[in-house]
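Contents: one structure, followed by commentary.
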Amino acid sequence: MVNSIFYIIMGPPGSGKGTQSQRLANHLGLPHISSGDLFRSAIKSATPLGSKAAEYINKGLLVPDNLVWEIVQETLNKPGCKSGCIIDGFPRTLDQAVLLNDFLVKSNAADYRVIQLDVSAEEIISRIHSRFICPACNYVYNQSQGFKECPTCHVALIRRSDDSLEVIHQRLESYEKATVPVINYYEDLGKLIHIPSETSPDEVFQSILACTEA
């Protein structure tokens, strides 16, 4: 990979990293790799790895590193990612971060950057508990928007099984425990950029663009 562009978008559940990752991918003309979407696709296809991952995701727990890396690496090795990509939802543990760093360095993509979306726990709980998704296109809607079906796909919106209050708290606890070492790792490497993310999605995106274009 020559002159490839890789951005890793990190943040707690409900921080908007999926939305911002897709917007950045569209802006830069790069693929958007969402580990969550990869897992859900594997689960829907009932692959052996997908079935194992489902047991963890539905309980709000982190998927073991060996399952995560095998799924993500397979996608990163595809021709479409040769010029770079936007990675969302990975890595979530220090071991995953080291594996990804080694992979990117060997792929001549050592000049990657990590964007951390900072959001308070109170805001996260409010966001997640009021969100619904389209099962066809995975677009996320807020309850305050008043939609009962996706305006694009005309499919009824649903709440993900891992968006219940109990599971939200479990996910936040799991995220905090596993991800702090990842943040410290990227800070030590000089890769980390903090973006305050409790403003509007448009304002957050402008802050991200300012960092990527600096």
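Counting begins at 1 with the first residue displayed.
Each residue, glycine too, has its Cβ placed from N, Cα and C.
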Given ranges 34-63, 94-123, the stretch to which Swiss-Prot attaches the annotation region 'NMP': 34-63
Zn(2+) site, defined by Cys134, Cys137, Cys150, Cys153: further same-chain residues with Cβ within 8 Å of the Cβ centre: Pro135, Ala136, Asn138, Tyr139, Glu149, Pro151, Thr152, His154, Val155, Leu157
Binding-site residues compared (Phe90, Tyr141) - the one with the fewest other Cβ atoms within 10 Å: Tyr141
Per DSSP, three-state class assigned to Arg160 (AMP binding site): coil
Most crowded position, judged by CB atoms within 10 A, among Gly14, Gly18 as binding-site residues: Gly14
